[in-house]
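Visitor: According to TrEMBL, the protein has these features:
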- 18-38: transmembrane segment (TRANSMEM)
- 59-78: transmembrane segment (TRANSMEM)
- 90-113: transmembrane segment (TRANSMEM)
- 134-158: transmembrane segment (TRANSMEM)
- 164-183: transmembrane segment (TRANSMEM)
- 245-263: transmembrane segment (TRANSMEM)
- 284-307: transmembrane segment (TRANSMEM)
- 344-369: transmembrane segment (TRANSMEM)
- 390-408: transmembrane segment (TRANSMEM)
- 414-439: transmembrane segment (TRANSMEM)
- 446-469: transmembrane segment (TRANSMEM)
- 517-540: transmembrane segment (TRANSMEM)
Amino acid sequence: MTKSITANPQGEFSVEDYTVFTIMLGISTAIGVYFGFFQKQKNQTTEEYLLGGRKMKTFPIAISLIASQLSGVSIMSVPAEMYSYGAQYWIIAPTMILITMIINYIFVPVFYNNHITNCYQYLEDRFSPAVKKFVTFTYVLNIYLILPIFIFIPALAFSQVTGINIHLINGIVCGVCIFYTMLGGIKAVVWTDVVQGMIMFVSCFLVVAIGVARIGGLSEVYERAAAGDRLEIFDMTLDTTTRQTFWTASVGNLFLWTGYLGLSQSCVQRIVSVPSMRHARTALWIFCVGFIIIMTLNCFTGIVIFAKYFDCDPIKVGLVQKADKLLPFFVQDVVGNLKGMPGVFISCVFSAGLSTMSANLNSLAGLIYEDYIRPFKLFKHTDALANRTMKLLIFVSGVYCIAMGLIVEQFGHILQMVVTIASVTQGAVMGIFCLGMLWPWANKHGALWGSASSVIVMSWIIAGAQVAISNKELIYPPKPTSVDGCYEYGFNVTANDFPTLMAPQEEAEFSIYNTSFVWYSTIGTFMVFLVGIPVSYFTGSQDMRNFRPKLISPLVHWLLPEEVRQNEFSLKPANDKLSAEPIKEWTFTANETEKYKERLGVIEQTL
């Protein structure tokens with residue numbers, strides 16, 4: 001008699017599982033309703049809706065950052081990465097310590113010292129409105145390309161374990177996310193993230209713990225993983241065409257994640273919603289610890305999955321269509337007979353997707369309203385009308401995400417696709433902020449040409465790489481898997497039935513298109529400096545007489561001239577009309593009067 005490869009065949013999602021899943025969605029909806037209708041201080045102002053009045057608590061913000069950064073893509077695709085390519089990707093976990101230090105001591109002081117709440121406002125203050133508009137456009141475009149993927153992945157998992165139409169569940173859950181994000185604003189986003197983050201941690205831990213026990217303990221897991229070459233972490237290969245090495249996982253992800261966490265509006269909006277810089281730094285360090293724990297757990301899940309199927313690959317025998325569906329299949333196998341556990345897991349994946357989607361919808365609505373609607377003065381701005389407009393934008397964006405699920409369904413390896421899409425603009429964003437904060441002599445011409453060159457070059461490289469992939473000229477062959485034990489499950493297959501996929505071995509000339517996708521953000525960042533610094537020099541470097549040192553990171557203040565460092569605002573020539581120039585409005589900030597008085601006080605001292 002043959003064994004069954006899974007204890008819970010597809011489609012047997014129990015009443016208990018549906019109940020757990022429904023409760024999770026119900027809690028998220030209830031939080032949105034509470035903050036939309038019943039809290040004592042409702043979202044009556046724009047600042048309250050987008051920033052929680054800048055009185056958010058440190059710990060919830062930290063948990064919210066963890067939940068939104070570990071999207072459904074991470075929960076589903078990181079284990080698939082471990083299963084297919086080994087443990088090299090785990091290096092991103094300890095690298096987060098360095099990433100947090102960079103954000104805390106380079107970016108956060110600049111944002112707080114300049115009362116920045118829309119991070120792209122910094123680019124206008126440091127360079128020019130044109131630079132801000134260009135980078136804002138790239139951010140909005142990037143989010144609209146990636147956001148449908150973040151929410152579609154959980155629907156993929158739900159479909160795998162229940163058989164329900166993937167687009168039906170995608171529409172239902174997106175609708176719930178749109179509802180509570182519209183009603184409750186940033187407070188609903190943060191507190192649903194807290195609940196969802198706890199669900200993520202508990203479910204991931206339980207699935208791994210039960211899986212290890214079913215396999216035979218940690219020693220058996222490591223023995224099988226080592227035999228299958230899945231535990232190599234310190235691959236020090238310097239070849240940039242290798243998919244994952246120590247250098248890609250550390251240096252490559254350093255640039256990618258620093259930009260994604262420290263310079264995207266959805267994250268900055270929460271970082272500056274706490275009362276002070278000290279609170280922000282504390283929140284980021286809490287985030288760092290939580291990220292390392294959950295990412296390590298997530299990576300180990302992939303190793304456990306490999307150990308479970310070390311002698312019978314479910315992909316090769318057709319039980320799973322692609323690696324990104326392995327995790328829900330594994331859950332069916334190891335905990336499918338425990339009523340409610342598959343529901344807990346699906347709640348975990350959906351929690352990750354919902355937290356990412358809600359955070360991005362909230363920040364995206366504020367950004368589009370402030371930068372693309374309000375400047376045209378189609379109507380008189382009031383907080384109430386602004387809030388209604390942003391809620392409409394959230395609704396439209398959510399409907400767009402549902403519709404785009406039809407296209408996302410056709411994607412191959414999800415993690416690679418997300419990193420590739422993000423890297424078109426992520427390097428340019430990272431580069432232009434670093435250029436502004438770390439190189440005082442950079443001017444608006446260097447910033448604009450540097451960022452534009454980065455986007456153009458990365459688009460060219462990525463387009464060429466996609467052509468190479470479609471022509472089978474660029475292949476990332478996974479590590480070998482076995483089918484030797486499949487006969488026990490009734491599959492009459494052998495290794496000869498599955499030809500080994502090999503990367504092209506010809507010693508051809510180096511091609512930039514073959515560079516690993518993990519390096520894309522690094523290349524894009526350096527392109528900004530390679531173009532921006534020379535262009536700034538040849539077009540006349542930044543005039544230090546008209547410069548505010550607060551726009552430069554405190555770490556490099558020693559580069560500034562002595563007279564600039566000694567003054568909060570630099571002296572202007574005597575014939576300038578100091579008091580005639582109006583003070584610019586700062587996006588979503590209630591401190592305009594104080595900033596104006598502060599500026600006038602400095603001007604009076606100079607007179």
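Backbone N, Cα and C atoms are what each Cβ position is placed from, and that goes for glycine too.
On a predicted model such as this, the values are computed, not experimentally measured, just so you know.
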Visitor: Ranking 164-183, 284-307, 344-369, 390-408 by Cβ pairs under 8 Å to the transmembrane segment (134-158), which is first?
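Guide: Stretch with the highest Cβ contact count: 344-369.
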Visitor: With a Cβ cut-off under 8 Å, give me the same-chain residues at least six positions beyond the ends of the transmembrane segment (245-263) that come close to it.
Guide: 65, 69, 88-92, 95-96, 98-99, 102-103, 107-108, 119, 233-239, 419, 422-423, 426-427, 429-430, 433, 516, 518-522, 525
Visitor: Where else in the chain does the transmembrane segment (446-469) make close Cβ contacts, counting only residues six or more beyond its ends and a cut-off under 8 Å?
Guide: 123, 126-128, 130-131, 134-135, 138, 420, 423-425, 427-429, 431-432, 435-436, 475, 511-515, 517, 520, 523-525, 527-537, 539
Visitor: Give me the stretch from 18-38, 164-183, 284-307 with the greatest number of Cβ pairs under 8 Å to the transmembrane segment (59-78).
Guide: 284-307
Visitor: Any contact between the transmembrane segment (390-408) and the transmembrane segment (164-183), i.e. 3 or more CB pairs below 8 Å with pairs at least 6 residues apart?
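Guide: Judged by the Cβ rule, the two regions touch, with the required three close pairs present.
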Visitor: In the same chain, who gets a Cβ under 8 Å from the transmembrane segment (164-183) while lying at least 6 residues past its ends?
Guide: 25, 28-29, 31-33, 35-37, 151-152, 154-156, 158, 189, 192, 350, 353-354, 357-358, 361-362, 391, 394-395, 398-399, 401-402, 405-406, 409
Visitor: How about long-range neighbours of the transmembrane segment (344-369): same chain, 6 or more residues beyond its ends, C-beta under 8 Å?
Guide: 17, 20-21, 24-25, 28, 46, 50, 64, 67-72, 74-76, 118, 120, 136, 139-140, 143, 147, 150-151, 153-154, 157-158, 161, 173-174, 176-178, 180-181, 185-186, 188-189, 192-193, 195-197, 199-200, 202-204, 206-207, 264-267, 269-270, 327-328, 331, 335, 386, 389-391, 393-394, 397-398, 401, 588
